[in-house]
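Quick notes on the structure that follows.
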Amino acid sequence: MAFTTNATIASFGGKLLKLTHAAKSTNCDMNLNLYLPPGSNSGKKIPVLFYLSGLTCTGDNCAEKGFFQHKASEKGIAVVYPDTSPRGLKIEGEDDAYDFGSGAGFYIDATKEPWSKGYNMYTYITSELPQALFSSFEQLDKERVSITGHSMGGHGALTLYLKNPTLYKSCSAFAPIANPINAPWGQKAFSGYFGENNTSKWKEHDATELIKSYKGTPKILIDVGTGDNFYKQKQLLPENFMAAAKEAGVDGCVKLRMQDDYDHSYYFMASFADEHVEFAAKALGV
């Protein structure tokens, strides 16, 4: 699947490519950013870190404000910044709210019409996009991939990692929606995409539920700011995730760091971006 390169931007010694491609799973053209570190054309395979953005965001926000390229450049890691939903499907109501529809795909495959016609971000992120990238950019190492994300994207990173233990070497998250079935954001999204009564499907995309039955030794790092208003409003619920990890006997493999005074913004993320890339780098063997 061919990509169109709309721009090439120098960043921390490497190149940030602004790409577009036609995606079958989302039934539309999808935009994304791909950061290639210095030396990406040396013939050596480059490990990959997928970054999933939060509500209202596109692939541009973190590429411009998250400073992931700084440490990725040093470690020789490529970073993929996908969009957060399909765009322009002309579904009634898709642009009516910041927390549902456009910019709010929640990294699930919708089962409820009309959303099922394109809101298939789970398939897009775990299957279609990586297949397209690895076939188009041969320097990317499909055997060494990690995942991270922020807020809704933190939810996505955790659930995709826990549901696909062979796809990703590690997972980290900034202020994730860690227990969406018990949070207003998650309840609204899952009701709309799956149906109000399809609670078994809800649980399939809830990190707190998934960690309870996880087999293996997870590698997970989570940062949450104590000054985060969404944390205070019980949208994130990281304690529920940690309690479930403890119940499953894997809490020793999950590190939750409560960062004093930090909020939900990119100031928070940029402050700890280097550490999250370092965490991924260790798992990726670089």
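Positions of Cβ are set from backbone N, Cα and C atoms, glycine also.
As annotated by TrEMBL, active site, charge relay system applies to Ser151, Asp228, His264.
If you count neighbouring Cβ atoms within 10 Å for each of the active-site residues Ser151, Asp228, His264, the highest count belongs to Ser151.
Put simply, His264 (active site, charge relay system) is 8 Å from Ser151 (active site, charge relay system) when counted between their Cα atoms.
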